[in-house]
Amino acid sequence: MMTKVLGMAPVLGPRPPQEQVGPLMVKVEEKEEKGKYLPSLEMFRQRFRQFGYHDTPGPREALSQLRVLCCEWLRPEIHTKEQILELLVLEQFLTILPQELQAWVQEHCPESAEEAVTLLEDLERELDEPGHQVSTPPNEQKPVWEKISSSGTAKESPSSMQPQPLETSHKYESWGPLYIQESGEEQEFAQDPRKVRDCRLSTQHEESADEQKGSEAEGLKGDIISVIIANKPEASLERQCVNLENEKGTKPPLQEAGSKKGRESVPTKPTPGERRYICAECGKAFSNSSNLTKHRRTHTGEKPYVCTKCGKAFSHSSNLTLHYRTHLVDRPYDCKCGKAFGQSSDLLKHQRMHTEEAPYQCKDCGKAFSGKGSLIRHYRIHTGEKPYQCNECGKSFSQHAGLSSHQRLHTGEKPYKCKECGKAFNHSSNFNKHHRIHTGEKPYWCHHCGKTFCSKSNLSKHQRVHTGEGEAP
């Protein structure tokens, strides 16, 4: 079996002894990009997978902590069973990928297994395009070594030690030379006569050599793919060079001052393939469909990721993750209704709901609102603007929340399920109203007498007592 000397670090990692038969074995050291932040979802997954029993004082605490870490990763309060299943399938799919592909796919942060497959298919098409070729220059041809004796006692002759040129496929012409930078401990077979006796060139049988050269070219193709991945701008591994020492341990060619070889480096990756995914709205192009899907949300205003705590919606899952942390931090500012806030300004905005303070007034009808966003949404009633349209039936809405609720009529989706009684709802506001039955929460209170209510409609009925419009319920 011929030894491959080109590729990424994972490809050139420790191998079985029978495969390490050449005098030119090299070890490539990965250069990790330090200080680069992992995606939030990946960070939570790693915390869950890497949690150790020794991190807790006892088994009960360990189990409790595992539950917390699992919920932070899978987020069952916002994900359906199908979405959680998809996360687990995606994790296992990335696990079974070759390490060089696994690192490349993870850099693109796919949100589903289907998206990961699309990325890999795009990469395959890119590799099949013309121009993705490589050749070894005539003056830099490397010998191909073959192990011909399992006992390690093969005879040697002067003629057998002459290097044979490595014939690469014409498919790889145009990239120029590829070098591998050696690091760590080298395996210097040439300096030990006993090791040299175990290896010699496969020139005894010309027909056998031709067949093996063909298989070496095929093997080189596989390793070239690894080099392509290593050279991608998005990959975490930096470019790597090859530096081969000669038998006497002289200075490597790449490190010779002023030498032509020393000035050569890994060639820049060829221009990537055409960006096939084009936005119909603005004409911007993308290399994969997932990025186009995310970009289109800037035009449609779609926000499919909804916080179950407050109902706020986001266009990207990463933004929802960042927002969700605001519900987990300390909230020193408490309202009489039981809600707490991390900032005093948020408490003041909330209290306007109780005091009915409304500093934002519509110039057309005089109606006032407690928040600026509410005024903007209300103003669309006068302008008739309905920027959110349903793709199924064409119906338009002035608010994204209205579109989201409407679309669930087509899908039948009811993502908000009560853990107490199992009842499901298609909108977070309906779920929150129902949940107060179980918790006894009464967030609406009368500023005249301090009485609290679980719904705003009940508060309105009660306030008629103070205004003289009717009896208290």
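Positions of Cβ are set from backbone N, Cα and C atoms, glycine also.
Note that the structure is a prediction, hence the values are computed from the model and not measured.
Here's what Swiss-Prot has on this protein:
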- 148-167: compositional bias 'Polar residues' (COMPBIAS)
- 258-272: compositional bias 'Basic and acidic residues' (COMPBIAS)
- Lys27: SUMO2 cross-link (CROSSLNK)
- Lys221: SUMO2 cross-link (CROSSLNK)
- Lys232: SUMO2 cross-link (CROSSLNK)
- Lys349: SUMO2 cross-link (CROSSLNK)
- 45-127: domain 'SCAN box' (DOMAIN)
- 127-169: region 'Disordered' (REGION)
- 244-272: region 'Disordered' (REGION)
- 277-299: zinc finger (ZN_FING)
- 305-327: zinc finger (ZN_FING)
- 333-354: zinc finger (ZN_FING)
- 360-382: zinc finger (ZN_FING)
- 388-410: zinc finger (ZN_FING)
- 416-438: zinc finger (ZN_FING)
- 444-466: zinc finger (ZN_FING)
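Nonlocal intrachain contacts for the zinc finger (305-327), taken as residues 6+ away from its ends with a CB within less than 8 angstroms of a stretch CB, comprise 39-41, 75, 77-78, 111, 294, 297-298, 342, 400-401, 404, 415-416, 428-429, 431-432. Counting every protein chain shown, 15 other Cβ atoms lie within 10 Å of the Cβ of Lys349 (SUMO2 cross-link). Residue counts for the zinc finger (360-382) by DSSP state, with H, G and I taken as helix and E and B as strand, are 11 helix, 4 strand, 8 coil.
Here the zinc finger (333-354) touches the zinc finger (444-466). Their Cβ atoms form 3 or more pairs under 8 Å, with each pair 6 or more residues apart.
Proximity of distant same-chain residues to the zinc finger (416-438), defined by a Cβ-Cβ separation under 8 Å and at least 6 residues beyond the stretch ends, is recorded for 306, 308, 311, 401, 404-405, 408-409, 454-455. When the zinc finger (333-354) is classified with DSSP, helix, strand and coil residues number 11 helix, 4 strand, 7 coil.
Sequence-distant contacts of the zinc finger (277-299) (same chain, six or more residues past either end, CB-CB distance under 8 Å): 108, 110-111, 115, 118-119, 122, 315-316.
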